[in-house]
Amino acid sequence: MAKGLLMTYALWAVGGLAGLHHLYLGRDSHALLWMLTLGGGGLGWLWEFWKLPSFVAQANRAQEQRQSSGRGIPPLSLIRFVAQMIVGIYFGLVALISLSFMASFYIVGLPLAVGLGVLLVAAIGNQTSDLKNTLGAAFLTSPLFYGRPIAILPISLAASITAQKHRRYKPSAGSETLSVRLYRLGLAYLAFTGPLVYSALCNTAVTLSYVADTLGSFLSWFSFFPLLGRLLESVLLLPFRAWKLLVGDHSISSSYFQEWAKLYEFVHSFQDEKRQLALQAFGLSEGATNEEIHGRYRELVKTWHPDHNRHQMEEAQRHFLEIQAAYEVLRQPRKPRGSWRWEETSL
C-alpha cells in the first residue's frame with residue numbers, strides 16, 4: 001500500500017517524538033531511535049519536517065530500491081557517522097547509570113551498549129552494517145580504557161568507523177505484519193529502559209550517585225573546550241538561575257544553602273557555582289581571604305547558634321546547619337576543573 005504524505009505529516013505532528021511516522025513508513029530502526037531519545041531531543045524531530053517527502057518517496061519505492069541497490073555500497077555520510085558517535089555515547093552513558101554495578105561491565109556491558117547504539121543508527125533507512133565487525137571493534141577497544149568512563153568515546157569512535165567501513169544496503173525482504181514489528185520494537189524498548197527503571201525504583205540513592213558521576217565525567221570531557229563546557233553547564237543550570245530570578249534575595253536568611261548544595265553536588269563540575277553560593281550565604285565576595293571567611297563564620301555562628309535563639313529554635317537550627325555547610329565548602333581548596341570523581345573512586 002502506498003504511503004501518504006499527508007498522513008505522514010499528521011503522525012509526525014501528533015506522535016513524531018515517539019517515532020509514529022517512522023513506524024508508519026516501515027522505518028522501524030528510526031522509530032526505535034526516536035522512542036529512546038524522544039525524537040533526538042526534539043531537534044531531530046524538527047529537522048525531519050523538511051525530510052518527510054523524501055522519506056515517503058523512499059518508502060514507496062523501497063522494494064525496487066533494495067533490489068537494484070543491494071549489490072552496491074551506499075555513499076559515505078558524515079551526518080550518519082556523527083549520529084552514530086552521538087547515539088553510541090548516549091547508549092554508553094545510560095549503561096553507566098543503570099548497569100555499572102556489573103562485575104564485568106567495562107569488558108562486556110559498556111562495549112555492547114555502545115556498539116548497539118552505533119548499529120541502531122547504521123540500520124536507519126535502507127542501509128545497515130555488519131553486526132560482528134562493529135561489535136568486535138567495540139569489544140577490542142574497551143580493554144584499552146578499562147575502568148574509565150571516558151572509554152565511551154574511543155569505543156564509539158571505533159565502532160562508528162567500523163560500521164561505516166562495512167556499510168551496505170539492506171537486502172530485499174518480505175513484509176512483516178504490524179504485530180510482529182511492534183513486538184520486536186517493544187522488546188528492544190524494554191531491554192533499553194528496563195535496567196534503568198529498575199535501578200531508579202529499587203536503588204534510587206545509588207542510581208542518583210551514578211547519574212551525578214556520569215554527568216560530572218561527561219562535562220569534564222570538555223575541559224579542553226572551556227567555552228563549550230561552560231555552555232553545557234549553563235544549560236543544566238537554567239532551572240536554578242530561573243529560581244534565582246523569581247526569588248530575588250539570596251542572603252543567609254532565604255538561601256536554603258543545603259538544598260542547593262545538593263543540586264551542585266549532583267554534578268561535580270559545578271564547584272565554581274557551589275562556591276559562589278557559599279560566598280553569598282556568608283555575604284562575602286569572590287577573593288575573600290581565609291581570615292575574612294573564618295571571621296564571618298564565627299560571627300554567623302554566634303548570631304544563629306540555637307542556644308542563643310531559643311525563641312526561634314527551628315529557624316536558628318536551619319541557619320546554623322546552612323552556615324556549617326557553607327563553611328565546609330569555603331574551607332576546601334579549589335580543584336582543577338578537569339578532575340573526576342570517577343577517577344578518584346577508582347584509585
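Cβ coordinates come from backbone N, Cα and C, glycine included.
TrEMBL: automatically predicted annotations, no manual curation.
Annotation source TrEMBL lists transmembrane segment at 6-25 (among others). Residues 31-35, 38-39, 42, 45, 48-49, 52, 55-56, 58-59, 181, 185 of the same chain lie 6 or more positions beyond the ends of the transmembrane segment (6-25) yet place their CB under 8 Å from a CB of it.
Same-chain residues lying 6 or more positions outside the transmembrane segment (32-50) and placing a CB less than 8 Å from one of its CB atoms are 12, 16-19, 21-22, 87, 90, 120-121, 124, 185, 188-189, 192-193. The transmembrane segment annotation in TrEMBL covers 32-50 (among others).
Through the fold, the transmembrane segment (78-98) approaches residues 33, 37, 105, 109-110, 113-118, 120-122, 124, 127, 149, 152-153, 155-157, 159-160, 163-164, 192, 195-196, 198-199, 207, 210-211, 213-214, 218 of its own chain, all at least 6 residues removed from its boundaries and within a Cβ separation under 8 Å. Residues annotated as transmembrane segment in TrEMBL: 78-98 (among others).
Positions annotated as transmembrane segment by TrEMBL: 105-125 (among others).
Summarising the annotation, TrEMBL assigns transmembrane segment to 145-164 (among others).
Positions annotated as transmembrane segment by TrEMBL: 185-212 (among others).
Here TrEMBL flags 218-238 (among others) as transmembrane segment.
Among the features that TrEMBL reports, domain 'J' is placed at 277-346.
Within its own chain, the transmembrane segment (105-125) has Cβ neighbours under 8 Å at 27, 29-30, 32-33, 58, 80, 83-85, 87-92, 94-96, 99, 131, 134-135, 137-139, 141-143, 145-148, 151-152, 155-156, 159-160, 163-164, 167, 170, counting only residues six or more beyond its boundaries. Helix, strand and coil content of the domain 'J' (277-346), in residues and according to DSSP, is 52 helix, 0 strand, 18 coil. This prediction places the mean pLDDT of the domain 'J' (277-346) at 76.
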